[in-house]
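Student: I have a structure I would like to understand better, so I am pasting it below and will then ask my questions one at a time.
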Amino acid sequence: MIFNVLTIFPDMFPGPLGYSTVGNALRKGLWSLNVVDIRSFASDKHSTVDDKPYGGGPGMLMKADVLGRCIDSVLEAHPDTRLIYTSPKGKQFTQDMSRQIVHFGNITLLCGRFEGIDERVVDVYNFQEVSIGDYVISGGELAAMVVIDSCVRMVTGVIGNKDSLNRESFDCGLEYPQYTRPASWKGVSVPDVLLRGNHKETELWRCKMSRIITERRRPDLLKDCGGEEEGSSNE
């Protein structure tokens, strides 16, 4: 799995992606990271990558010609790469989308800055626009890291226990509550069913709690599980 990241702040990477499970997988060669400095494709001595928007308005936009040269260089080396632009205007990034992206094998993530990028870049190169949520952050780098982390976890060999992926939130509803030692802490005890060692009862309890939590917090997710959106259980 190859991720090409186009950014004006290449030193931000790998950042958090260099730690824990995803970082170990990077060092083992289970996925690779190719960070491309957009400024290196600027044509002036100041390495200018932005300009004022036509029609006026606040802020600056990243220039189409500079971005175009940067993207072309990546496409020359990786002609089959999937182009993704992290943008608050994009479609909401989900676990299902993460699964789909992994199948491409080679992904190029364009990280916007300032007020965004010249729209012609999205149109000419047919970028898939992806948003990590209904909020605005300073740039696309953190969003790109979220996308990469989510995708890398599903690469074969990255997560040792495959059941961990199958039981996570959003696979089909939200994840059930989990507990570890001590059995009692600050007057709160672990549910008895988890202490009895009956695997069937444990699974039934987990399914029930997953359903209850999903109904209360994210009923929209139940549509993908063949459930109803309305109603919640207080049992």
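Quick reminder: no glycine exception, Cβ is built from N, Cα and C everywhere.
Note that the coordinates shown come from a computational prediction; the quantities given were computed from them, not determined experimentally.
Below, the features straight out of Swiss-Prot:
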- Gly112, Ile132, Gly133, Asp134, Tyr135, Val136, Ile137: S-adenosyl-L-methionine binding site (BINDING)
Student: When you tally the Cβ atoms that lie within 10 Å of each candidate's Cβ, which of the binding-site residues (Ile132, Val136, Ile137) has the highest tally?
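Tutor: Highest number of other Cβ atoms within 10 Å: Ile132.
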Student: Could you tally the C-beta atoms, other than its own, that fall within 10 angstroms of the C-beta of Gly112 (S-adenosyl-L-methionine binding site)?
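Tutor: 23, counting other Cβ atoms within 10 Å of Gly112 (S-adenosyl-L-methionine binding site).
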Student: Please list, in sequence order, the residues in the chain of Asp134 (S-adenosyl-L-methionine binding site) that are at least six apart in sequence and whose C-beta is under 8 Å away from its C-beta.
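Tutor: For Asp134 (S-adenosyl-L-methionine binding site), the qualifying residues are Pro88.
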Student: To see if you understand the setup: which same-chain residues, six or more apart in sequence, place their Cβ under 8 Å from that of Gly133 (S-adenosyl-L-methionine binding site)?
Tutor: Gln92
